[in-house]
Amino acid sequence: MPMTEPVVLAAAGAAVILDVSGPGLPRVLHWGADPGPLDEADLRALVAAAGGDVASAADGPLQPVGGMPLLPTQWDGWAGRPGVTGDRAGRWPYLRLARDGAVRVSADEVVAEGVDETAGVRVRAEIRLDPHGVLQVRHTLTNTGADEFSVAALRALLPLPDRATEVLDFTGRWGLERQPQRRPLGNGTHARESRRGRTGHDATPLLIAGTDGFGFAAGEAWAVHIGWSGGHEEYAERISGATAVLGGGELLEPGEVRLGPGETYATPTAYFAWSDQGLDGLSGRLHRMVRDRPSHPRSPRPLTLNVWEAVYFDHDLDRLTALADLAARVGVERFVLDDGWFPGRRDDTAGLGDWIVDPAVWPEGLHPLVDHVRARGMRFGLWFEPEMVNPDSDLARAHPEWILATEHRLPRPWRHQQVLDVARPEVADYLFTRIDALVTEYRLDYLKWDHNRDLLEAARDGVAGVHRQTAAVYRLLDRLREAHPGLEIESCASGGGRIDLGILARTDRVWTSDSNDALDRQQIQRWTGLLLPPELMGSHVGPSPAHTTGRSAGLAFRCATALFGHAGIEWDVSTCTEAELESLTEWATLYKRLRPVLHNGRPVHGDVDGVVTDDAAVFVYAQLDNPAELRPRRVRLPGLAADRRYEVTRCWGEEAAGATLTGRALATVGIQVPPLRPEQAIVFEVRPSH
Ligand code: GLA
């Protein structure tokens, strides 16, 4: 029996309603708040309100009638970016998808197939609403024709209501990632595209459309994220006469995905979240989804010391063991040896690709250091940049053909390095063998996996290869994780250049930014935290002045900033005064006490920034600029249970009085804080009062 009533998928207050009755793919009638129970008459009324009968409106305007199909094309009356397009030797860019077979509906998922027999294309569209109200959309396209079909785009898009009037997204650069930009949603396409072959320092973790003035705590917002580390696009589009849409997908180069007969292309997952409680509501849903993944790191996030800004390329056993002693003294739990341990790597011009320990610098291998670190109760991590090669390396000399390039057309160098063609099985095998050997020999607990250049002209035999490369790198990571189940991996790309849910499906942490400047970090972490829960964001106490900006900040402020992530230290602590070492020790103890809250709670933002669980919270009141008035203020502490009483105590930073109040009073009346100078902070710990 054909299913005629619309399907409602609802979870955690969010819903999507799809009309599955038509001759084409399911049509989205609604995406947003859960309207609650609907009877048959309500559902029919919903279809009627969306324009009713699709067939009779075929001569209508450029607006899909009866809801937005999952993969709209011109045949559906859609003149915006098509859901699907491609060609067969220059023919068939315009597809007409007729539904094939019954729509499969379960409690949380709708799956439908569509086919264009003439063009020789079959698609499968999948939309799933997870228990946290996040929609996950995936499509596949199969070439059913007799010759090659080239896929140009296969997008996920959903309609936005007219009250979504503003767009917020993020841009940035090396050392200053995720800077917000906001604009009205007018007619046209606001697209964020990356052709960098990695997610990008300027990539937006979310592209968000919202109601007028939506903020952290208030307003309705709709967001998209593409879980992919290669080329990608996210966009909001409104064309004259039609509903606006929010969409995205993999950004493919011409000819990049050419399917032979019977071959299939699958999109990365597009994540869509809706909230009527502003941005904090969006991150609440996304964080719950991220934390629910089986692979999510659940053990306490070890306080880390990374030696990069302490020693750079100057690897010296005595110096490093002395650092390890001090690290252990202040309470560090994981020691990470960064770049510089392999042959020829005295600076960044040589050595990448030769993944063996440099016998000139490390005559006994890394063993003396690793043993020293382990003897002090710390875990050991090592830096790699597997996808890269310096032309000045034994690997590049032995295998120039392994470089991702078309014969003599070598891409322009970047940090003196080229990219390895990881999609060649022999390259992936080489990398696996070398990394596996080192992980085994040194029982490595942790890899810092770096990626320090964009992929430019990434082509083999003239054929674009970012898609292939991205998939191959994912396979390599999966293979290593399978071989070494306890191994943790950090995704770094000159700081925060590869942060997305595709790479995070096979890594445990990101290096949020190369900037350890605490003032910039306040912003970078706040906005990265829209997508990622704090326990995934590496945040280190660096030196003052900060190496990337030259800006100075007090230790208390630097520590307060680093607390709100997966904390660490990246500083030559041998230069610290005794008082500084004592402060670091105190801070390390505090981090360990607070991390169950910081790494399980939900971030909130308002007068203060905080992380709130059901029975505790941590808030930071930070002064980022020069205040207009120097007087005490009241700040509200949101998110706690209204009727419960809490004790608020200052646990870090400048002096401040505590309070004992109900959650309601904390969220409405708040507590008093003293005036602070720029780059001062107070951290409050909140526990139930007994
Ligand atoms: C990149 C990383 C840094 C450091 C250096 C080493 O820039 O982001 O943290 O590892 O490479 O060369």
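Cβ coordinates are placed from backbone N, Cα and C, and glycine is handled just like the others.
According to TrEMBL:
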- 24-259: domain 'Glycosyl hydrolase family 36 N-terminal' (DOMAIN)
- TRP174, ASP338, ASP339, ARG415, LYS448, TRP449, ASP450, HIS451, ASN452, CYS492, ASP514: substrate binding site (BINDING)
- 178-204: region 'Disordered' (REGION)
- 190-201: compositional bias 'Basic and acidic residues' (COMPBIAS)
- ASP450: active site, nucleophile (ACT_SITE)
- ASP514: active site, proton donor (ACT_SITE)
- 616-684: domain 'Glycosyl hydrolase family 36 C-terminal' (DOMAIN)
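Screening the binding-site residues TRP174, ASP339, ASP450, ASP514 for a C-beta under 6 A from any atom of ligand 1 leaves ASP339, ASP450, ASP514.
Take TRP174, ASP338, ASP339, ARG415, LYS448, TRP449, ASP450, HIS451, ASN452, CYS492, ASP514, the residues named in the record as contacts for substrate: the widest Cα to Cα gap among them comes to 18 Å. In the structure shown, the C-beta of ASP450 has more C-beta neighbours within 10 angstroms than that of any other entry among the binding-site residues TRP174, ASP450.
Computed over the domain 'Glycosyl hydrolase family 36 C-terminal' (616-684), the whole-number mean pLDDT of the model equals 97.
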